[in-house]
Amino acid sequence: MLINGDAKCWLRSGYNSFLLYYCPPVALTRACFRNQIKNSILNALFISNLFFTVMGLVVLGMGLWGLITKESFAQERIGHIGTDPMLVFVFLGLTLCLLCLMGCVGSLRENSCLLRLFSGAVLILVAAQVLVAIAAYSLQDQIVPVLRSGMLTAMVRYQDDLDMRFITDEIQMNLQCCGADNYRDWEMNLYYNCSAPGVQACGVPASCCIDPLENGTVWNSQCGVGAQQLVEFSAQSVIYLGGCLGGIARWIEQNKQLIGIVGIALLGVQILTLIVTTRLLDNIQWSKAISSQRDVES
């Protein structure tokens, strides 16, 4: 194919937007240069979409794992699945995957409509994340009271709400903690209160136990029975004494640099994706204008 009578550019791939042109350096023309830029933009957009697709699949997997672990698809639970908090992860994962699919299809087919929808959605996501970060920084003094209130509410409803139980158990096992401030917070639970009848009285959930697995294989749901009656010296060999609020604060303090780096990197990639998409739209419009001009001249 001859461009401007002097620059020879040979088509080296099939039909799609990833058309690669070989242009001799000496005869590099503006048209060839624009095509090379467009191909680079397409590759960058494809890689960023692939990255966020993987993230979406991870979030989707977390949501499905939570639903399966809690047996939300069981016959007695299927009627309440609409209020399951794990559906938030499933929804976010699916939304992210569909958004990235829109970006990939739009770039591969050079579809301006899809690319505009994609860039608009990315812009909304970036704005939402910035607003959340500003709100979290402004209200940082209120975060701990809100977390304490939520944790205590989950502890009170531990036996009555399977979602609350699942979240509380995951927090206590992963952060190796028990209760909000300490293990005696479980006194406020109706079943773990020391004045309550039954075997659970004055106990704590098995997720508070240092070793909740009997013989390393079987879950021992009775390992926390009577733990509140023990003095701290004796209890520390059976359960975790520290509260989860302290565990969350320590985890954030230990990983705050990593959290900041990851947050800035993700935001930067999204902004870069928005810029790349805008550049691609400009290139598509330029290509269409050139094609129209050639049609008129011919």
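Backbone N, Cα and C define each Cβ position, glycine as well.
Feature annotations, reproduced from TrEMBL:
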type     : residues      : note
DISULFID : CYS178-CYS194 : disulfide bond
TRANSMEM : 44-66         : transmembrane segment
TRANSMEM : 86-105        : transmembrane segment
TRANSMEM : 117-139       : transmembrane segment
TRANSMEM : 258-281       : transmembrane segment
State which of the following disulfide-bonded residues has the fewest other Cβ atoms within 10 Å around its Cβ: CYS178, CYS194. CYS194
Can you work out which residues elsewhere in the same chain, 6+ from the ends of the transmembrane segment (86-105), have a Cβ less than 8 Å from its Cβ atoms? 45-46, 49-50, 52-53, 55-64, 66-67, 70, 72, 111, 114-115, 117-118, 121-122, 163, 273, 277
